[in-house]
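Participant: Below is the structure I would like to discuss, written out as structure tokens.
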Amino acid sequence: MDLVALQSLLDNTSFLVLFLTMLLYWGGAAFPNIPGLTGLGTLGVAIANLCMATLLGARWLEAGYFPLSNLYESLFFLAWGVTTMHLVAEWMSRSRWVGVITAPVAMGITAFAALSLPAEMQNSAPLVPALKSNWLMMHVSVMMISYAALLVGSLLAIAFLIVTKGQKIELRGSSVGNGSYRLRQPQNTTDETPVTVVAFQKTEPQSNGNTAVLASPDLQQLTTTPALSPQMLSLADTLDNISYRIIGLGFPLLTIGIIAGAVWANEAWGSYWSWDPKETWALITWLVFAAYLHARITRGWQGRQPAFLAAAGFFVVWVCYLGVNILGKGLHSYGWFF
């Protein structure tokens with residue numbers, strides 16, 4: 001069997017299937033009354049996931065090492081991870097919104113790897129001595145899976161912001177005083193009927209220090225906000241919850257990956273941490289999502305505030321993963337490819 005030809009077939013097939021899958025999810029969102037579109041989208045993601053897993057397996061057999069040594073291999077591993085996390089998130093949420101926002105990202109990753117990278121960057125090559133270690137599989141694979149989980153979790157947070165139009169809403173289980181308000185609909189009104197939301201000020205202590213009272217609302221703070229339908233409120237609650245869970249999965253993987261990388265660096269170069277650009281941005285990524293989880297667990301944040309933090313984390317992950325490669329600097333660089 002010609003493994004090189006098989007890989008070329010599988011990378012183009014993965015791109016085509018994900019492109020069609022993206023259209024199916026978008027069609028299902030635009031025309032929810034058409035049955036089966038979302039189910040076909042899920043099937044497409046599963047097929048693409050299998051194609052990419054087979055591609056990586058074929059590359060492993062051809063090259064004789066775990067396929068994470070160059071940008072082409074890592075991009076397809078990332079796309080495989082994104083589709084895997086997509087299937088997990090969709091199974092947990094039962095929502096077509098997951099595919100609407102994750103399928104384009106997975107498709108874009110495969111398009112970049114299969115159609116944009118030059119042929120010399122797609123071909124396998126002998127490993128440099130520093131990469132001939134079991135740490136290649138242990139460190140890099142965990143980091144890539146953590147990137148995939150954090151990207152999908154962040155995308156679901158972005159979907160939450162789109163669904164709620166950036167409004168503050170009170171989610172199920174949110175604590176009193178966390179700054180969120182459910183936009184309630186008055187009876188006998190349609191979804192388009194505006195409702196008036198009163199933004200009350202925070203409680204302020206009396207001068208005797210023993211009693212807290214609710215300050216009077218400022219009439220200038222009265223705002224007219226379009227109501228969200230019960231379906232949109234339920235969807236927003238689901239997206240917020242699943243985003244939190246997926247990020248909660250990705251963060252410990254990122255932590256383990258960073259620690260494994262530090263041990264490998266000490267073994268290969270005699271230093272646990274050298275402030276390489278990739279190391280620096282991995283630390284920044286860790287701090288962003290640590291702040292997200294701290295805000296959710298300790299401060300009780302839900303809804304819009306942590307969603308903005310996760311959305312920022314989406315871009316930080318991309319800088320951490322591709323920024324070093326674009327710069328062409330550091331020990332982790334695959335080289336300048338423009």
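In case you wondered, yes, glycine gets a Cβ from its N, Cα and C as well.
I grabbed these lines from Swiss-Prot:
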TRANSMEM  15-35  transmembrane segment
TRANSMEM  36-56  transmembrane segment
TRANSMEM  71-91  transmembrane segment
TRANSMEM  97-117  transmembrane segment
TRANSMEM  142-162  transmembrane segment
TRANSMEM  246-266  transmembrane segment
TRANSMEM  273-293  transmembrane segment
TRANSMEM  307-327  transmembrane segment
Participant: What residues in the same chain, six or more past the boundaries of the transmembrane segment (71-91), come closer than 8 Å to it by Cβ-Cβ distance?
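Facilitator: Sequence-remote neighbours of the transmembrane segment (71-91) are 11, 14, 18, 42, 45-46, 48-49, 52-53, 55-56, 59, 98-99, 102-103, 105-106, 109-110, 112-113, 117, 121-122, 124, 140-141, 144-145, 147-149, 151-153, 156, 242, 246, 321, 325, 334, 337.
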Participant: In terms of Cβ proximity under 8 Å, which residues at least six beyond the ends of the transmembrane segment (307-327) contact it?
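Facilitator: Sequence-remote neighbours of the transmembrane segment (307-327) are 71, 78, 147, 150-151, 153-155, 157-158, 160-161, 240, 243, 247, 277-278, 281-282, 284-285, 288-289, 291-292, 295, 333-338.
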Participant: Taking the transmembrane segment (97-117) as the reference, which of 15-35, 142-162, 246-266 gives the largest number of Cβ pairs under 8 angstroms?
Facilitator: 15-35
